[in-house]
Ligand SMILES: Nc1ncnc2c1ncn2[C@@H]1O[C@H](COP(=O)(O)OP(=O)(O)OP(=O)(O)O)[C@@H](O)[C@H]1O
Ligand SMILES: O=C(O)C1=C[C@@H](O)[C@@H](O)[C@H](O)C1
Ligand SMILES: [Mg+2]
């Protein structure tokens with residue numbers, strides 16, 4: 001059994017994919033994303049799974065995908081924004097190098113336009129984002145080995161900050 005060198009958590013659009021790829025490049029390892037794993041395995045988009053089967057069914061699929069990735073992947077792993085809601089997933093994260101990428105709502109609006117492919121933000125996105133974060137912020141923080149704010153930072157700066165925070169800089 002192996003485990004990721006870094007697990008990235010944080011809300012939709014915070015930069016997990018962008019920073020995850022940069023981190024993987026810097027560390028010479030592979031990047032993996034549980035949302036992508038789900039899309040590949042299911043042969044449909046995350047939004048389609050939400051529409052076809054509802055959020056609880058998506059969460060069940062996600063929980064299995066996260067467990068598999070955490071035990072298989074040795075590189076950088078990004079989790080879907082809501083994966084942290086699952087208590088078993090949180091237990092699996094204990095002791096792993098988890099980086100919580102954070103941002104405020106204004107940065108979220110700039111990054112994502114808060115729409116399109118994100119089913120949970122389809123209606124009144126600013127309010128939805130705030131409510132999601134109120135429910136999740138403490139879960140991200142509790143799971144995190146390091147919290148890395150991304151507001152006003154380039155992806156490269158966020159990458160450096162994450163490497164510093166985990167003391168992986170000279171690896
Ligand atoms: N530090 C940053 N500064 C400004 N823009 C950024 C930064 N990081 C990422 N972005 C931009 O924000 C958007 C969302 O980034 P990204 O797709 O990496 O986020 P994510 O957390 O993987 O989102 P998702 O919920 O879709 O998985 C992209 O357009 C990306 O180019
Ligand atoms: O924050 C969330 O609940 C989600 C985040 C995305 O990564 C996807 O997993 C999906 O859109 C749900
Ligand atoms: Mg992503």
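For all residues, glycine too, the Cβ spot is worked out from N, Cα and C.
Because TrEMBL annotations are produced automatically, they should be read as predictions rather than curated entries.
Over in TrEMBL, the protein carries these features:
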- 13, 14, 15, 16, 17, 18, 118, 153: ATP binding site (BINDING)
- 17: Mg(2+) binding site (BINDING)
- 35, 59, 81, 136: substrate binding site (BINDING)
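Remark: residue 14 (ATP binding site) has 81, 101, 102, 103, 108, 111, 150 as non-local neighbours, by Cβ distance under 8 Å and separation of at least 6 in sequence. Look at the Cβ of each of the binding-site residues 16, 59 and count the other Cβ atoms within 10 Å; the largest number goes with 16. Across 35, 59, 81, 136, which the record gives as binding substrate, the greatest C-alpha separation is 18 Å.
You'll find the Cα of residue 18 (ATP binding site) roughly 22 Å from the Cα of residue 136 (substrate binding site). Note on proximity: of the binding-site residues 15, 17, 153, the one nearest residue 136 (substrate binding site) is 15, by Cα distance.
Within its own chain, residue 17 (ATP binding site) has 31, 33, 78 as residues 6 or more apart in sequence whose C-beta sits under 8 angstroms from its own. Under 6 Å, Cβ to nearest atom of ligand 2: this is the test, and of the binding-site residues 13, 14, 17, 18 it is passed by none. Counting every protein chain shown, the Cβ of residue 136 (substrate binding site) has 17 other Cβ atoms within 10 Å. Candidate binding-site residues: 16, 17, 81. Those with a Cβ under 6 Å from ligand 3, in sequence order, are 16, 17.
Reported as a whole number, the C-alpha separation between residue 59 (substrate binding site) and residue 13 (ATP binding site) equals 19 Å. In the structure as shown, the Cβ atom of residue 15 (ATP binding site) sits within 10 Å of 23 other Cβ atoms. Long-range Cβ contacts of residue 35 (substrate binding site) within its own chain (separation 6+, distance under 8 Å): 46, 78, 80.
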